[in-house]
């Protein structure tokens, strides 16, 4: 009776709280939603205690009680967890994923530290739980568990005080509680001029602009099979392992597929060649990471290296001697997302192999002065052909919430951010302007709260010399307006998110073109180029037709793209117009018919709005200010 009563109490508590919290389609939480989330988190410890008891009994007896069966059903992890950021999941899926994380990690820590289960037994238990809590195959579950188990156990052994709550608050932030303050850090930021108002500087359009191509999130899949199963239960489909699909509706297309599939080589090559043919006058190319497919359970150093080599060779072939500034994405590591500190030298754990390969491969485009920092951590700085513009290429994947090494140490993160600051300080003294090129934007939920805060402090200090920032990762074509930390309505900088070459997670392939002035080195105009996948696959023998999807300032009628002008557009125009927000949402998704068919209500539209003004984790002040204006 006691077990049944606790179970009913927990179910009722979760159901009542979900009425308050889980009905919103939003992604950036309001203050009320945050309070409701905290109330829900209070129930998890009781749930976890019961789950450990029930599952321990199950491993001892082999008998699964009705209570355990019910709890397992509640903790089912959605397939979308493998294809979306936690912050992009609907609220119910996010919080139940938190429940599953805390309960299973607490179980494993308890059994491992008390000696009840050794490494292999723990591995087998984890595989079983993966099969029970997801729809994935044994190949996926076993492959993923075995790839990550050594890193997790090394961290657990190194940090005997590490708790399940601490682990999950990092991996699933911000929907699984705030990270423990022990992970907090600060860097030294030099004093600068006080901010007295928004950044209004801009240079009118002229014939002397710089033209930059931007590619991101290519996700080339060597195992893509034209005609393969595009509908499958695994995180990525359309692969040789499943063979040809007998049903024509389930078959992967020649040029890719809107379902959960990677990118075939012919699409990678076509994107680069088409962009070069359409824009032969481009001055430079920015490439912001994620070249490897989503088959995270089977990646290898050798396999990833083959992907890099083929892709880098194609960039050299297509763009010749044109400067290419390239950075790493979270998928480049093996295991995926795992970027170890420099002092970790065990070849089964370390990331040195990736940095050494990048240093050698990128030397085709970058000077010898970049070698030391690339080999240490995958980041660098170099002057562009216009010697007034300095490029800073960051590797901010070490701040990624799914990088388990975050639980071990933040020293390497602080080291790179301090280098970032010091490099900007030297650029300021030399009278240079700067472009920042990196994989992840600082807002949303991809990077840790503390990194996000410190990165924003650096951007604020040097906002006058930073012409623009360029990001990838989200697969969504966006602009991000940066605001002063203590004056959240004062716009000081802008970042541009490049969309995606891959169709994985339903987007149409795209690349961006930026027209940049040669005084402030700000983006004066952005063009997005894309093609319709359904149309392309109707003509498999013919290359896709790339079309200009939109020009940012022309479509939205913006006079200029200074941070002040962008803020005025977002705060006073976009935030009040359902038509313009609908257009912006469509452009974010590269007008993918697969995604647009789902529709986007007003809450969904406002989420697009909030993404533009969010540049520090958990700072929703600007979002809260503009998200509730009536849409007309």
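Including glycine, each Cβ sits where the backbone N, Cα and C put it.
Whatever TrEMBL says is automated annotation, not expert-curated.
According to TrEMBL, the feature signal peptide maps to 1-25. Annotated domain 'Saposin B-type' per TrEMBL: 94-180, in sequence order. For 98-176, 101-168, 130-141, 232-237, 238-261, 399-447, 600-604, the entry in TrEMBL reads disulfide bond. Residues annotated as Zn(2+) 1 binding site in TrEMBL: 217, 219, 290, 475. TrEMBL lists 290, 330, 439, 473 with the feature Zn(2+) 2 binding site.
The structure, with features from TrEMBL marked on it.
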| residue | record | Cβ neighbours (10 Å) |
| --- | --- | --- |
| 98 | disulfide bond | 25 |
| 168 | disulfide bond | 25 |
| 176 | disulfide bond | 25 |
| 217 | Zn(2+) 1 binding site | 28 |
| 219 | Zn(2+) 1 binding site | 25 |
| 237 | disulfide bond | 26 |
| 238 | disulfide bond | 31 |
| 261 | disulfide bond | 30 |
| 439 | Zn(2+) 2 binding site | 27 |
| 604 | disulfide bond | 16 |
CB-centroid shell, 8 A cutoff, Zn(2+) 1 site 217, 219, 290, 475, site residues removed: 216, 218, 289, 329, 331, 472, 473, 500, 501, 502, 504
Disulfide-bonded residues near residue 473 (Zn(2+) 2 binding site) (Cα-Cα within 10 Å), from 101, 141, 237, 261, 399, 600: none
Rounded to the nearest Å - Cα separation of residue 141 (disulfide bond) and residue 168 (disulfide bond): 19
The domain 'Saposin B-type' (94-180), counted residue by residue under DSSP: helix, strand, coil: 64 helix, 2 strand, 21 coil
Additional residues around Zn(2+) 2, ordered along the sequence, whose Cβ is within 8 Å of the centroid of 290, 330, 439, 473: 216, 217, 288, 289, 328, 329, 331, 397, 400, 440, 472
Proximal but sequence-remote residues of the same chain as residue 600 (disulfide bond) (Cβ under 8 Å, at least 6 apart): 582, 585, 608
Those recorded positions, out of 232, 237, 330, 399, 439, 447, that come within 10 angstroms of residue 290 (Zn(2+) 1 binding site) at the Cα: 330, 439
Spatially closest candidate among 101, 237, 261, 447, the listed disulfide-bonded residues, to residue 330 (Zn(2+) 2 binding site) (Cα to Cα): 447
Among 130, 238, 439, 604, which are recorded as recorded positions, the nearest neighbour of residue 475 (Zn(2+) 1 binding site) by Cα: 439
Proximal residue to residue 604 (disulfide bond) among disulfide-bonded residues 176, 237, 399 (C-alpha distance): 176
Under 8 Å by Cβ from residue 399 (disulfide bond), counting only residues of that chain that are 6 or more apart: 406, 413, 440, 447, 448, 451, 452
PLDDT averaged over the residues of the domain 'Saposin B-type' (94-180): 90
Cβ contacts of residue 232 (disulfide bond) (under 8 Å, same chain, 6 or more positions away): 242, 260
Between residue 439 (Zn(2+) 2 binding site) and residue 217 (Zn(2+) 1 binding site): CA-CA distance (Å): 9
Spatially closest candidate among 98, 101, 130, 176, 261, the listed disulfide-bonded residues, to residue 237 (disulfide bond) (Cα to Cα): 261
Length of the line joining the Cα atoms of residue 168 (disulfide bond) and residue 439 (Zn(2+) 2 binding site), in Å: 23
